[in-house]
Amino acid sequence: MSYVLKRIGRSVLTIFVVVSASFGLIRLLPGGPLDYLRAQMIQRGGSDLSSAELNRRIAAQTNIAVDEPLYVQYFDYMAAIFQGDFGQSLWYDQSVASVIGPAIPWTVFLTATALFLAFAVGVSLGAFMAYEEGSRFDVVSTGVGLVLNSTPGYVVALLFVAFLGYRFQLFPTGGRYASELTPGLNVPFFVSVLYHGTLPILSMAIVGFGGWALSMRGNSIRVLGEDYLRVARLRGLPTRRIAMRYVARNAILPMYTGLMIAIGTVFGGAVIIENIFAYPGIGFYLIQAINARDSPLMMGAFILITVAMVIGITIADLTYGWIDPRAKGGASRESY
Amino acid sequence: MSPTDRPDDGADAPREENASDPLVDAVGGAYADSTEAERDARSAITGHDGTGRRIADGGRTVSEFEQMAEVSMTDAERRRQWFDERLLAPARIVWNDWRARVGLLVVAAYLFMGIVAPYIVTEPRPNQGPLLVGAFRTLTYPLGTTASGTSILSQVVHATPSMLVMITAGAVFTVVLGTAVGTVAGYKGGRTDSVLMTLSDIMLSIPGLPLTIVLATALQIQGNPVVIGVLLTINAWAGLARAIRSQVLTIRDDEYVEASRIMGMGTPTIVTGDIIPNLMPYITMNFVQQARAVIFGSVGLYFLGVLPYNSTNWGVMMNAAVNRAGATSSPTAFHWLLVPMVTVIILALGLTLLAQGADRVFNPRVRARHAKSVAGDGDGDRTETTKTGEI
């Protein structure tokens with residue numbers, strides 16, 4: 001239990017550090033986002049704005065009241081962010097939270113589905129490859145896995161857009177669902193969401209599964225040499241049972257750590273994929289914000305991506321003990 | 001102090017004057033009155049019986065501590081053995097593994113493309129030739145031309161040097177910082193460990209590419225490839241540090257580390273001499289993986305157009321192909337997009353294969369089979385390396 005508390009405490013600390021760092025980036029960098037914002041405002045509102053009026057507007061956009069002493073600015077900024085107030089977007093002319101908030105579930109939908117698909121397919125294929133080690137199937141799959149593992153997701157995405165999107169017109173090349181549909185709990189809407197999500201999800205999943213298959217294959221081959229497998233065979237257990245219960249289970253454990261790291265990388269990947277498919281998730285708005293020089297929106301998107309990732313990693317970390325009984329929380333980690 | 005105790009942070013330094021340490025005296029005292037040459041001879045216990053020079057110890061009875069090696073090697077022999085073990089055997093292992101061989105050839109080809117080819121291929125400029133020539137249509141523009149008539153081959157070639165610099169910078173930065181933090185945390189333990197690990201856990205939970213994007217925008221960096229390479233791996237060291245730390249934890253209690261500690265070696269000596277060599281496979285693998293991550297990340301972000309650049313670049317080419325010529329929707333410009341993509345994939349594939357090969361170089365089981373072919377004992381074992389297939 002103390003481990004759970006400790007682990008959650010560390011996640012809170014991480015979020016705290018990231019938000020503080022974002023304050024530092026906006027406020028303290030000479031020539032950084034704050035100076036840029038000020039220049040932008042002078043340009044837009046004409047130069048006749050009084051400096052007090054300018055500061056008031058900056059405070060509304062970024063939650064940073066430039067007149068106040070630094071520690072007050074910091075406190076106000078942190079308080080606002082932790083209440084969900086990320087300031088005003090310049091480009092969309094509404095609050096950052098109302099721009100990005102609705103985008104979060106879509107990004108999580110993409111990344112979580114892609115990660116699950118890649119993991120499930122990769123692990124089962126890898127186990128099978130290990131069992132058939134040396135066969136033609138194994139050799140071919142290993143080769144395919146190596147190539148896929150060396151391909152960035154955005155390359156697959158671009159090929160999908162070019163061929164399945166434009167050349168053969170099989171899939172849509174943008175959007176989250178068909179624009180004429182009303183979002184709600186109805187079948188056409190869900191079908192449209194899946195239809196629009198297919199290519200982005202597949203382009204993330206395809207490049208991921210090669211790596212999973214290869215490491216699962218390696219782990220399984222190591223497990224296949226263990227004594228308890230010989231015992232299981234001597235007992236005459238069916239092959240399927242040995243493969244699933246004995247080999248897969250023991251080979252999957254080391255990959256769970258990899259899963260945690262993967263949660264981190266998919267959010268980065270999603271930024272590029274979402275932009276290729278014009279899929280309005282958090283990553284899409286992050287790039288929009290950068291192109292429009294909209295620093296409040298940019299920082300808001302970055303903080304939310306980080307929070308989503310911290311939550312993902314924390315869940316993965318806390319469930320580790322549940323999947324691997326030997327781990328029993330993190331207590332064993334400090335056992336040295 | 002019991003041997004399994006962790007030495008306190010401060011306790012390492014004074015132990016370097018081993019004369020004051022009674023335990024060290026017991027071992028070291030035997031050497032105290034021997035000459036330089038004798039010491040050399042005694043330390044060479046690892047002798048190769050076939051080739052070594054016999055040392056007569058006069059047949060007098062000696063205590064365990066004065067026992068000398070039966071054989072010793074001359075300096076030349078030692079140098080040759082070092083050369084064999086450190087360079088020849090790994091090279092042979094690498095060359096006999098097809099993955100490593102292909103990986104090496106690919107990387108060598110890209111090095112050639114980055115170092116020599118820019119002097120051969122003319123610099124890219126607009127209107128070098130007709131607009132949007134397809135790939136493999138003419139000999140003058142083997143990979144075709146862009147919408148502004150620039151040769152794609154020359155773009156690809158002239159983008160290589162800065163990519164190589166970027167990749168190296170990012171990989172070196174990650175590996176050096178990750179190894180340093182990981183070994184110090186693992187070896188020192190205690191408060192140092194908790195502080196360093198909390199720090200790397202925090203870095204680990206920040207999404208890498210978005211962080212790079214935000215920093216590149218906020219810091220107003222220029223297009224210097226070294227800066228961008230480091231920026232792309234800004235938090236990648238954390239994962240490596242964690243992994244290295246857990247490896248160090250298993251090594252730090254091994255006998256030979258224990259022995260070094262008892263002999264009064266300083267922490268830096270132990271870490272660099274005893275611990276890091278054992279982590280080399282891990283470090284090499286990570287170096288290559290980081291290099292791949294830098295390629296993927298940089299090309300992706302250049303493609304999105306969020307990183308500054310001051311020379312042509314594979315990602316910038318892809319960006320131009322899609323945004324200026326609509327390469328995804330129009331087949332006439334598709335080669336413009338495809339060429340940089342293939343360039344990236346082949347380099348990444350080469351690095352992946354090299355990483356797998358490197359794993360074998362450091363794998364003790366593979367090495368052991370090569371040990372016999374080393375030191376020129378000439379029993380014809382050199383040919384056995386062909387059978388290093390699957391392990």
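Here the Cβ of each residue, glycine as well, is placed from N, Cα and C on the backbone.
These come from TrEMBL:
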| type | residues | note |
| --- | --- | --- |
| COMPBIAS | B:1-18 | compositional bias 'Basic and acidic residues' |
| DOMAIN | B:160-355 | domain 'ABC transmembrane type-1' |
| REGION | B:1-40 | region 'Disordered' |
| TRANSMEM | B:102-121 | transmembrane segment |
| TRANSMEM | B:163-187 | transmembrane segment |
| TRANSMEM | B:199-219 | transmembrane segment |
| TRANSMEM | B:225-244 | transmembrane segment |
| TRANSMEM | B:291-309 | transmembrane segment |
| TRANSMEM | B:333-355 | transmembrane segment |
Worksheet item: Is the count of Cβ pairs under 8 Å between the transmembrane segment (B:199-219) and the transmembrane segment (B:291-309), pairs 6 or more apart in sequence, 3 or more?
Response: yes
Fill in: Chain residues outside the transmembrane segment (B:163-187) and at least six past its termini with a C-beta under 8 angstroms from it
110-111, 114, 193, 196-197, 199-200, 225-226, 228-230, 232-233, 236-249, 252, 267, 270-271, 275-276, 279, 283, 286-288, 290-291, 293-295, 298, 313-314
Discussion item. How about long-range neighbours of the transmembrane segment (B:333-355): same chain, 6 or more residues beyond its ends, C-beta under 8 Å?
Written reply: 99-100, 102-107, 109-110, 132, 134-135, 143-144, 146-147, 152, 156, 159, 284-285, 288-289, 291-292, 295-296, 299, 314-315, 317-318, 320-322, 325-327
